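K.L.:
The structure follows.
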Amino acid sequence: MLVTSLIALLPAIAAAQVSGTVGPRTSASAKAAEKVCNVLDYGASANSTIDIGPPLKEAFQDCQTGGLVYIPEGDYLLSSWVSLVYGSGWALQLDGIIYRDKNVTDGGNMIFIEHTSDIEIFSNNSAGAIQGYGYLFHEQDEYGPRILRLNNVTDFSVHDLILVDSPAYFLNLVESYNGEVYNMVIRGASMGGLDGIDISGANYWIHDVEVTNGDECVTVKSPSANVRVENVFCNHSGGCAMGSLGTDTNISNIEFENIYTYNSTQMYMIKSNGGNGTVTNCSFKNFIGYSNAYMLDLDTYWGDESDGDGIKYENIGFENWKGTSSNGIQRSPIRILCPDANPCTNITLTAVELWTDTGDYVKQECSSAYGEGECLRQQNGTLASYSFTTTITSVPVTAYSPTTTMPGLISTSMDTTTSIPIPTIPTSFFPGASAYSTLMANM
């Protein structure tokens, strides 16, 4: 059904780290009242027989300065990738399902949006999806195109969409501003290089999303500022992260809160090696995670080394973390490994209680890290390099809790050799928390 009512209220966010409003400046209903460009009127077919690429481009050209591009319910074949560039005040309503043509092996981006503002990409039935059939690349240890990439976009939202089996990254937000992403499911194979949501830019609110993949769940990259991420369900994923970071890093005012991570690579990892620049004023609060390889991990010796003595990490807090690692003896649940030549300062750990699924003790590792909590050293005078490992044998009382489960846990890896089914979007993404926005299908 074509949108006929106000579908997106400009959010008033109380989050401290987001500066001002995010999302489109005008509603999709207002855009639709100005003009509707239905792809069926431009030669598209809803039975997956004709390439939707050219009709989608033509529809966009007619609506790019004000209007709504409409893809009704049905199945659509995408054989030629689409670039939607320039314009402002437009929306893309995807109520059908777009399928990548299995015979097309081009890289790049299936849908690329650039140099535009005041836009909304959404599904009015909360069932709009893009199926990338990435397994046809992955079974040969290869990668293909990203599903959706936004570059230099301002005042936008992406919501009520399902992205499935991407041949590479799923949703890539590059140096964009004032963006909101919510009510989404991303589901891909258990393979590296399949990032869920990648962010760089400023003033984002990412909330109420579920990600299954083999690499980052939601990750912040440089440069980034004023980003709030909350109510995220990393369901058999790589887990949330920051990085990898290198030279000229510039990240500040980042908040992650209410993050549930199950059977993933990490609960949260900040990763760099060498490099320079700063990461400052970051908060990671209310994390629950079970059966993850890494847990709380700030590792400045990760991956290939960049030029420089190390990034300066300061004013970073971790608060109210609960859960278990798959093997807390093999990989310490708490690892804060900072550059010897540039120690971390003002790092705080508060109510961080992590245990192990395997064994009867865990390790904690800190090096050149100063602040309060666990194995951190207090800042008293000279910030000398150090390395310290301690063993914990007492089980934290709140590390296990029968009330902290989520429905639909995925315990086995998504295969890289078979097609992945299209899931549905849930209404909750963190235990006890309802989504901020009602699904479009329920409005």
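The backbone N, Cα and C atoms fix where each Cβ goes, glycine too.
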K.L.:
Can you tell which of C338, C366 Swiss-Prot lists as bonded to C344 through a disulfide?
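P.N.:
Answer per Swiss-Prot: C338.
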K.L.:
Spatial neighbours of C37 (disulfide bond) among the recorded positions N152, D215, N250, N276, N281, N346, defined as Cα within 10 A: which are they?
P.N.:
none
K.L.:
Which one is it: of the glycosylation sites N47, N263, N276, whose Cα lies the shortest distance from the Cα of N152 (N-linked glycosylation site)?
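P.N.:
It is N276, whose Cα lies nearest.
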K.L.:
Restricting to the recorded positions N124, C217, N235, N276, C375, which ones have a CA within 10 Å of the CA of N250 (N-linked glycosylation site)?
P.N.:
N276
K.L.:
Work out how many Å separate C63 (disulfide bond) and N47 (N-linked glycosylation site) at their Cα atoms, rounded off.
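P.N.:
On Cα coordinates alone, these residues lie 24 Å apart.
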K.L.:
Could you tell me which of these disulfide-bonded residues, C63, C366, has the fewest other Cβ atoms within 10 Å of its Cβ?
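P.N.:
Across C63, C366, these disulfide-bonded residues, the one with fewest Cβ atoms within 10 Å is C63.
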